[in-house]
Amino acid sequence: MEYLIYSVGIYFIYFFCGIGLTFLLCPKPFEKYSFFLAPIIGLIYFSYAGLLFAYYTDFGSNVYAQFLLIPSLIFIILAILIKKNRISELKWPFKKENILLSCICILIFIGISAPFLFKVNVLTTMTLGNNDIAHYAAVSKYLTQYSFTQTTINNDSYFIGMSQGGAHYSAYFSTCIPSSLLQLATYKIQNITTNLFFVFLIPLIFLISVEIFKFKKNIALITSLLVGFSFHLIFIDYHGFIGQILGTGIFLSLFLMTYYSINNCNSLKDYIQYIPITSLLLFGLFVCYSPLFPLYFIPLFLFLLTIFISSNFKFKILVPTIYILTSIIISFILNPLIIIRIISDFLIYNNVFGWSVPILNPLWAFGLAGNNIFMQNNSIMNWILSVPIIIIIIMSFWYLYKKDRNLFYLAASYFLVFLFIYIYLEYKDLVTPEFTGESYKAYKLFTYYLPIFIISSLSIFRDFNILDINRKSSIKKIFGFLFIILLILGNIYSASAIIYVNYNYGNSVDNDIIDLDKITEMENVSSINVAIPPFWDQMWAYYFLFMNKTLYLKESSYYPNSPQIGDWTLEEIHYENEIDDIYVNDIISYIPDDREYIKLNDKYALIKGNLSVKLKDGWYIPEYNNYGSVWRWTGKNYENITIDLHSRYDISDLDIYISFLSLEENNNLTILIDNKEINEIEVKDSEIPISIFLQNITLSNGNHEIVFKSKYPAKILDTGDPRSLCYAFYNITFIQNSETINGN
């Protein structure tokens with residue numbers, strides 16, 4: 001219930017902040033659609049205002065968010081005063097014949113929100129596995145209190161630099177401003193915002209189908225339903241790619257305005273009313289998701305070039321070209337410094353990222369993957385089943401070619417640009433021996449163009465009346481009806497499959513991670529070594545702590561690692577003996593006094609100590625039995641077994657307790673610290689564990705290495721285990737008396 005209440009609240013925020021400006025800027029043909037465009041314009045308004053405050057002031061959104069409501073109210077008043085004679089146009093979504101579109105939006109929102117409504121009982125973040133959303137939430141949290149002019153926070157200038165880089169600014173402001181208005185942490189509304197803007201795409205699909213491709217309303221509704229239940233876009237939504245979801249909304253709005261005006265305007269005077277909103281949408285696309293910017297303009301210029309070549313009147317494209325160039329110039333004038341920064345970021349953006357994605361077949365492209373939502377096993381049968389879809393696509397393009405040549409040029413421009421880039425990326429992926437992420441980029445390209453691709457491919461049905469089917473209908477109509485029904489059912493089935501996967505296997509910010517927030521109130525904890533493995537838990541630990549504590553990550557993720565010089569170490573608890581109050585991480589143990597150990601919950605603990613310990617060479621993964629015992633075998637491709645130590649201070653009295661079992665008799669174990677032999681342990685029996693207690697070891701400040709050297713090499717047993725084994729270590733405990741630490 002809390003999820004639904006805040007969903008309504010966030011929708012109202014975007015609607016309130018966008019409706020006045022939308023109605024003011026919308027050309028007459030689109031005034032009746034202001035309700036659908038308002039959240040998109042509200043997002044751009046937040047992005048523009050947020051960037052001004054982030055780059056030119058020291059204020060976070062907690063200071064300025066409520067003041068953004070004042071211009072929004074002024075825009076509403078101006079809209080009522082200036083366009084009072086056309087206010088009735090706003091009733092369009094609530095007319096009886098149009099209410100079904102809103103019902104479809106609500107249905108899709110509830111469907112994709114099922115994991116958040118029924119699995120988690122608190123407002124939190126959840127994804128299908130991607131970690132981008134953790135960084136989005138962290139930057140949004142930072143921007144609630146600070147701006148980019150404050151370049152360091154707790155010595156973490158890298159984080160601030162990374163936050164300014166890239167081209168997803170709207171992803172930050174889309175959550176930080178509503179979170180300030182609602183007094184909620186940003187991680188609590190990440191998914192709500194993403195899911196809402198996913199649903200905001202549905203009316204735009206409907207409007208493009210009706211206004212650009214001339215679909216009948218019932219087919220336009222079906223097309224909207226197909227896109228809304230496309231498992232590809234739900235996949236993007238569930239991975240928390242909020243930048244792409246926001247950018248797609250702006251992209252589709254821009255597509256709608258641009259091509260409607262080109263198809264319906266004859267003179268520059270006709271185009272003038274489209275320039276303000278087009279300029280605003282272009283600016284929004286820049287700051288929201290700049291990779292879509294060239295993917296919008298390349299097909300547009302190809303479309304204009306095609307019209308130029310095919311038209312007898314060559315100056316026909318002059319006026320729309322002036323309209324486009326004027327809109328670009330105005331969007332640049334809105335904030336030139338920020339756009340220059342984004343262009344620079346985009347030009348150097350050539351990172352390796354993502355995962356391997358197989359080549360799409362038409363069956364999968366149309367959302368008919370069934371349970372195979374990760375698109376494995378691209379068999380020949382999939383291509384055979386794709387034949388009817390290929391035929392429908394060819395028929396649709398042929399239909400457009402015969403009936404509406406300009407629409408054919410439009411659809412073909414987007415399809416050819418997509419096909420050329422997609423084949424190029426897949427070719428690079430095939431010929432490059434190492435992973436470069438090209439197949440992933442190709443798949444992302446497909447999801448960018450998916451809505452336009454689906455609409456274009458169903459153009460053969462644009463005059464189809466699904467309610468007019470009966471027993472007297474022609475075979476052609478009946479086959480068309482069956483195809484549409486199968487397409488709807490197949491997409492809903494695939495969508496339900498990915499919803500099921502996210503419900504059962506999605507990563508969420510659970511209570512153990514949320515508990516870390518209480519560390520911010522601990523005055524005795526100022527700097528922390530974060531020894532949590534990357535990525536998910538570590539990045540969320542970073543989210544909860546980086547604003548208040550100085551952090552040193554043990555392993556790099558989205559943020560670089562650093563020397564472990566913090567006063568405390570945050571680690572996972574793998575096992576804990578409550579009686580002896582011994583903290584155990586795997587086989588490595590540390591016995592602190594009461595002042596040096598804070599158990600946060602069943603999963604995490606803060607350890608204050610001089611030593612940082614890391615298993616290095618020669619260790620296999622930990623193994624467990626039914627009684628809770630844990631051990632690690634050694635011998636993994638190394639003659640010697642090593643442990644890295646880092647001491648923050650000089651230690652004059654360190655004790656080490658070691659318990660192990662040898663695979664062979666008489667395989668004595670020699671222990672060295674920094675190449676100096678400390679002890680040689682005699683091994684007589686291979687069936688009895690051996691324990692040794694090393695006392696009064698001295699370590700200087702800095703890095704050290706412990707080496708366990710075996711007398712005999714590791715060997716492979718006859719049990720079928722392919723590993724080379726030597727010793728099984730059960731316990732390595734470091735006992736350090738804080739009174740013996742010089743300077744502590």
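Placement of Cβ uses the backbone N, Cα and C atoms for every residue, glycine included.
Whatever TrEMBL says is automated annotation, not expert-curated.
The transmembrane segment annotation in TrEMBL covers 6-26 (among others). Listed by sequence, the residues of this chain that lie at least six past the ends of the transmembrane segment (6-26) yet keep a Cβ under 8 A from its Cβ atoms are 33-35, 37-43, 45-46, 68-69, 72-79, 82-83, 90, 109, 113, 123, 178, 181-182, 184, 188-189, 192-193, 195-196, 276-277, 280.
If you look up TrEMBL, you'll see 33-57 (among others) marked as transmembrane segment.
Summarising the annotation, TrEMBL assigns transmembrane segment to 63-82 (among others). Tertiary neighbourhood of the transmembrane segment (63-82): same-chain residues 16-21, 23-24, 42, 45-46, 49, 53, 57, 177, 180-181, selected by CB-CB distance under 8 Å and a gap of 6+ residues from either end.
Sequence annotations record features per position, and here TrEMBL assigns transmembrane segment to 98-118 (among others).
Outside the transmembrane segment (219-235), and at least 6 residues removed from its termini, the chain residues within Cβ reach (under 8 Å) are 100-101, 104-105, 108, 111-112, 128, 198-199, 201-203, 205-206, 209-210, 367, 369, 373, 446-447, 450-451, 454-455, 458, 461-462, 464, 466, 484, 487-488, 491-492, 494-495, 497-499. Per TrEMBL, the feature transmembrane segment maps to 219-235 (among others).
The transmembrane segment annotation in TrEMBL covers 241-260 (among others).
Tertiary proximity for the transmembrane segment (280-309) is limited to same-chain residues at least six positions away from its ends with a CB under 8 Å from its CB atoms, namely 25, 40-41, 43-44, 47-48, 51, 167-171, 243-244, 246-248, 250-251, 253-255, 257-258, 316-317, 320-321, 324, 327-328, 331, 334-335, 338-339, 342-343, 345-346, 349, 406, 409-410, 412-414, 416-417, 445, 448-449. Annotation source TrEMBL lists transmembrane segment at 280-309 (among others).
Sequence annotations record features per position, and here TrEMBL assigns transmembrane segment to 321-340 (among others).
Per TrEMBL, transmembrane segment is recorded for 352-374 (among others).
Taken from TrEMBL, the feature transmembrane segment covers 380-400 (among others). For the transmembrane segment (380-400), same-chain residues at least 6 beyond its ends with a Cβ under 8 Å from one of its own Cβ atoms are 361-366, 368, 407-408, 411-412, 415, 456-460, 483.
Annotation comment: TrEMBL describes 407-425 (among others) as transmembrane segment.
As annotated by TrEMBL, transmembrane segment applies to 445-466 (among others).
Outside the transmembrane segment (407-425), and at least 6 residues removed from its termini, the chain residues within Cβ reach (under 8 Å) are 212-214, 259, 295, 298-300, 302-303, 306-307, 310, 396-397, 400-401, 438-439, 441-442, 445-446, 449, 452-453, 456, 459. Beyond the transmembrane segment (241-260), the same-chain residues lying 6 or more positions past its ends with a Cβ under 8 Å from any Cβ of the stretch are 27, 29-30, 37, 39-40, 43-44, 130, 132-133, 136, 167-168, 170-171, 174-175, 190, 193-194, 197-198, 200-201, 204-205, 207-208, 211-212, 274, 277-278, 281-282, 284-285, 288-289, 291-292, 296, 300, 324, 410, 444, 447-448, 451-452.
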